[in-house]
Every structure is written in structure tokens, then in C-alpha cells.
Amino acid sequence: MSRPRRRGRDINGVLLLDKPQGMSSNDALQKVKRIYNANRAGHTGALDPLATGMLPICLGEATKFSQYLLDSDKRYRVIARLGQRTDTSDADGQIVEERPVTFSAEQLAAALDTFRGDIEQIPSMYSALKYQGKKLYEYARQGIEVPREARPITVYELLFIRHEGNELELEIHCSKGTYIRTIIDDLGEKLGCGAHVIYLRRLAVSKYPVERMVTLEHLRELVEQAEQQDIPAAELLDPLLMPMDSPASDYPVVNLPLTSSVYFKNGNPVRTSGAPLEGLVRVTEGENGKFIGMGEIDDEGRVAPRRLVVEYPA
């Protein structure tokens with residue numbers, strides 16, 4: 001039986017999209033997938049429609065390694081409206097409570113300090129976490145509140161930017177699983193006035209260079225430019241991509257000789273010199289260091305395959 005024809009291009013890499021405000025992360029993903037005519041695409045950590053900023057879009061084989069970005073730290077710029085609390089903790093929700101803003105600068109500094117370091121956070125009902133197989137926001141839209149357990153997060157840095165009138169601006173560098181809306185809602189309660197997010201921008205994900213972010217508008221301009229020059233759009237679009245193994249850039253590299261990489265790519269653990277004693281590794285082959293997948297050091301010190309790059313015939 002012949003293999004079913006794959007739709008789209010076998011293009012592999014990560015695009016650092018600057019997501020526009022008012023668009024869901026999935027809508028942004030689908031637009032990028034169509035522009036690149038990619039056979040597969042996935043994003044790593046959704047941004048709310050209200051939010052803008054860095055949304056890594058993994059194309060092709062890079063989708064296999066997107067999970068490593070989900071575990072990475074992130075940096076945000078947020079502006080909160082003080083004195084108003086909403087049901088979603090952001091400006092897209094309904095105002096449920098209004099209170100005067102009466103705290104002092106000293107009280108603000110003390111409240112902010114309670115959110116630095118290792119803390120416990122109860123996720124918002126308006127989140128994509130699941131309870132009994134159903135997303136929390138689906139319960140919330142039905143007016144149902146379900147129990148949520150506090151989860152450990154780390155706020156590595158919380159910078160005070162400004163406080164003018166009923167607006168408070170902060171910059172937050174945090175671990176995976178941190179909900180900025182929840183931090184703002186909890187901060188508003190500590191200050192006794194309530195608060196919600198009116199502006200949120202993701203400044204950075206992991207160690208990705210901010211200057212490599214691109215907008216949907218720029219991608220469309222490149223497609224038009226390619227048409228005018230009568231060249232394939234891929235010639236202008238593909239250089240924007242980060243390497244497919246960039247989501248796992250924090251892991252050490254093990255380079256296999258071609259004689260060993262054949263066995264590794266067939267699913268077999270292999271021995272090699274220079275491997276760490278334990279943990280996950282990025283595996284490359286040959287003198288050019290071509291990335292072939294992720295491995296893990298097994299109990300016998302061998303590099304065992306965990307996720308492999310598949311090369312499809314043209």
C-alpha cells in the first residue's frame with residue numbers, strides 16, 4: 001500500500017512570532033502554518049488574546065521538541081488597573097467589584113515583595129488547566145467553580161516600573177506555569193483595592209533573542225515581495241526560523257560518529273565517549289553536527305533515544 005501523501009512542506013524550525021493583540025494563540029498558529037505551507041505546526045505556551053509578544057511556533061519536526069520550551073522561564077511586562085476586579089482577572093472580563101485605591105508606597109513595596117521567589121499560586125478558573133478532563137475556563141463560562149490545588153512557581157525577578165493614578169506597571173521574570181493574571185489579582189487583594197490586567201506583553205521565552213521576533217504583517221510582506229520578484233516565498237521566509245533543536249538548547253550535546261548514529265536512529269541505545277553521567281542530551285551526528293534527536297543516559301551509561309528526527313523523502 002502506498003504511503004498517504006503529506007500535505008504541505010517538510011519545513012523544520014521555530015518561528016518567534018510577535019503575536020498581535022486580540023488574536024488567540026491558535027489563530028496565530030494557523031496563520032503562520034498557512035503562510036509557511038507547513039505540514040505540521042504547534043505553539044509552546046499559549047498567550048491570552050489580550051496579550052502580545054513572543055509566541056514560539058514550532059514547524060515540522062520541531063513540534064517534537066516543543067515540550068522543552070514549555071518548561072522554560074519567561075519574562076513579561078504587565079500593566080494593571082487598580083481599584084477594579086474582574087471575573088477573568090483581565091480587561092476581557094466583567095467588573096465584579098470596585099474599591100478605592102488607598103495604599104501607600106511602603107504598603108505597595110511590601111506587597112510586591114511577597115510575590116518574589118518561590119511561592120504557591122492557585123490557578124485562575126479562566127485557564128486551560130484541566131479538571132476531570134475538562135478545561136477550567138469551560139467550567140467558568142458555565143458559572144461553575146471547581147477545586148484547584150496551589151502549585152509551586154518561582155518569580156525570579158519582579159521589577160516595579162511605575163505607579164500613576166490607578167495604573168501599576170511591572171516586569172516579571174518567572175518560571176513555567178506562572179499566571180500573570182493571577183499574580184495581579186492576588187496583588188490587588190493584598191493591597192485591598194482589587195486589580196486586573198489591562199496590558200500584557202511577553203518579552204522573552206527561554207534564551208531566544210528578542211530581535212528575532214517577527215510579526216504576521218512582516219511575513220505577509222515577504223510573501224508579496226517574493227511574488228513580485230518571482231521567487232519561492234520560502235527563500236525569504238525560511239531564514240527567519242530558529243533551528244529545530246533550539247527548544248532544547250539548555251541540554252548538553254552528545255555527538256555520535258556516523259557508525260553509531262545509525263543504531264541510535266533505529267531506536268537502539270549506544271555507547272559513546274564524552275557523554276554526561278545522567279539526564280537528557282541533544283544528539284548530533286558526524287563532523288557537521290547534524291541534530292538527530294533527543295536522548296537520555298540510561299542505567300548502563302548509554303545514550304538511549306527518546307525523540308528522533310524523521311527525514312521524509314522528497
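Backbone N, Cα and C define each Cβ position, glycine as well.
When Swiss-Prot is compared with the stretches 8-36, 124-152, 211-239, 269-297, the one noted as region 'RNA binding' is 124-152. Cross-referencing Arg7, Arg99, Arg202 against the substrate binding annotation in Swiss-Prot, which names His43, Tyr76, Tyr179, picks out Arg202.
The distance from the Cα of Asp48 (active site, nucleophile) to the Cα of Arg202 (substrate binding site) comes to 10 Å. Considering only the residues assigned to substrate binding, His43, Tyr76, Tyr179, Arg202, the longest pairwise Cα distance works out to 18 Å. In three-state terms derived from DSSP, His43 (substrate binding site) belongs to an extended strand segment. Here the Cβ of Asp48 (active site, nucleophile) has 22 other Cβ atoms within 10 Å, regardless of which shown protein chain they belong to.
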